[in-house]
Amino acid sequence: MLCKSLYHDCVLTSCGHRFCGGCIRAARDCPACGADIESMQPDSETQAMVDKYIEAHAATHTIWELEGSAGEQVDGMAGERSRASFLLQLGLRAIAAGNTGSARHRFQLCRQDLQQQLDAAVAAHAAPADLAPLQCRLGAVCGCLGDCCRAEGDAQGTAQHYQDSVRLLREAGQDPEAQQALSVALNKLGELHHLQGDLAAAAELYQQALDLRRQLLDATRQQWQQAEPAAGSASSSIGGGSAEPAAGGEGESQEACCAAALDLAASCLKVAGARRGSGADDVAQALLSEGTALLRGLEGGLPRQPPRLQRKHAVLAQHAAALAQNSLSSASATPGILKSNINMAAAPAEERPVAVRRPRGAGARLASRVEVWLERLRSDPFSRARNHAALPNDLVGRWAVALLQLCLLLFKTVLRERQPLLAAVNTTNAVTALALAALIRRRPRLYAAARELLLFLASLHLSFVMVNGVLHGNSNVLTQHGGSPLRMLALLLVAGPSVALCLYALYTRLSVAWSAVALPLLAAAPAVLGGGPMCRRMLATPGGEAPLDTLHTVLALLHSVTFDQLPRGALPSPMQQCWQINAWALLAVGALLPLLVLRRWERTARRRWDAEQKCSAAGSQPVETPPSSSCAPAEGHGQEAEAEAGAGEDPQLQESAPLRPPGWWLLEPWLAGALLWQAAGLGAALLAPAA
């Protein structure tokens, strides 16, 4: 489901779904059903079945045939019925999805197969022409292994695999496919040296790749001229530096010539960046001019080329312009489209930036974890989709908040209480709402990217505006309890920001991962800073202590699941009682209640969103089909996909899911509320006397 490949290091989650270990270990929610992942167990039985399946079918079928795409024609090694080809495709799918452990395992098995074939051919004294295809394929697989090591930050393994790839591809001879793969391997090895600061070695490797690509372009032009003589005049513009359109002939020859010219232009820019970094400005300028001329010569024929070539041309042209303006330093001279994806951990310690080598204390570790957590929130496709979909609702909500706030200030604070200065101060909340509405209208992408933080700051500002209005208004609404404990509780809920925070959270529907941190902070801040002044204002008039004591006694009985946190032998004072009730109301209604509701809503929405994503991709359904898929299987899928889909009906899998008691949905909030009550009591014992 995640890496679109067969299982590797298969694990079974607590909700009964199977995934690759490398795909699921960093997740907290199951991508198939949305349930919390409480535990993972290795599923050696399923993994053994997958390994047997590969051994049984890899040598006689292609992966396309097993997926039901037998009519699809695939060229090259990928279309062969061989174990090495099958393992190569599994590894390519896994590395594309970021599962480097699975990819490395399949590439290593593929390399062993190809190495055995090569050794057998050498032992049989095969001709060099028969050895060349095996050496070419083995070199390509070594390059894939180097990519896996590069993604994992293994600099030594990356360099070793890239060097093996270069050696094998050089032994493959003058085959065009081997020469093209060799130029790519040389560039990868050069990027590794470039990242480590060895510009001389990087420039030398880049230059070798450049020479190979010049030869490949000449050979491709000759083939095009032979295949389409009428296009000979047009072909001279490709690679010749002419500004004439590179149009003329149609077909695969023209596309191959255009791709070869783009590769040559990329190599020119690579060498130019490395030479400029080492001080050879004249050589760099000449190569930059050559690369720019190549890009200009391709502009006329680009509309008839595939979109991938058009995108590559656009990025290369942008980078060439940046190089021409001297806007790139020698440390970042690698072209944007060819930028190295090598992790900074792959560089030696002496070559890393100073910020990476700073001592890491407790504060630095906390900041690093927060940064990782925020990055996970930003990279979650479900959260990004929800943030973009919520823009119309947020726009209406911003206007409604601004209108209601202005009406309240006008009729209550200005006309009734005669406090224009207090109204002017509290008007900042309406101004903030209007500013957010304008941001949604003018910069929707920016607002969606920072939606969680912006709404958190707006909610925090609203909380203090409400507390400020209650504490400094001429009309004390907290004294209107009339001796009723329930009315007193309602006044604390409505006058304070607890109800507003609850409605705010339920309307915006931010992610649970963000709300679990933001809502307690939003509720705790007014409880700690405004609890004492609000209670003093409530107790300022006589007649408030009796209903407050009754309310405190009732709530204490309802939440008496642990021992009392207040000191024994001393009854809580009215100030402590009020502080505890107010803090509990803020945390229970402003944080706990919306969190429980949001968690249920998000699980349902995420399950529906995952089902929609799987249904939209039903035409290319992967082999690793989730058991609980709600989409009908696509026609033509192999028997292995039907077996995976049928596994969802196994009663043993359903029994493996954790069972909860029927009343758990009531027991959970009650226990959490009791813990909040005891925590508020402890806080009242410590803070209320000082208040």
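Even glycines carry a Cβ here, placed using N, Cα and C.
Just so you know, TrEMBL annotations are computer predictions that nobody has curated.
Features of the protein shown, as given by TrEMBL:
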- 223-247: compositional bias 'Low complexity' (COMPBIAS)
- 618-631: compositional bias 'Polar residues' (COMPBIAS)
- 2-33: domain 'RING-type' (DOMAIN)
- 223-250: region 'Disordered' (REGION)
- 612-656: region 'Disordered' (REGION)
- 183-216: repeat 'TPR' (REPEAT)
- 421-441: transmembrane segment (TRANSMEM)
- 453-471: transmembrane segment (TRANSMEM)
- 486-507: transmembrane segment (TRANSMEM)
- 512-529: transmembrane segment (TRANSMEM)
- 581-598: transmembrane segment (TRANSMEM)
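Sorting each residue of the domain 'RING-type' (2-33) by its DSSP state yields 4 helix, 8 strand, 20 coil.
In terms of DSSP secondary structure, the repeat 'TPR' (183-216) contains 31 helix, 0 strand, 3 coil. Residues 489, 492-493, 496-499, 501-502, 505-506, 509-510, 512, 515-516, 519-520, 522-524, 526-528, 531, 534-535, 548, 551-552, 555, 668-669, 672-673, 676-677, 679-680, 683-684 of the same chain lie 6+ residues outside the transmembrane segment (581-598) yet bring a C-beta within less than 8 angstroms of a C-beta in it.
Sequence-distant contacts of the transmembrane segment (421-441) (same chain, six or more residues past either end, CB-CB distance under 8 Å): 391, 394-395, 398-399, 401-402, 405-406, 409-410, 413-414, 447, 454, 458, 461-462, 465, 468-469, 472-473.
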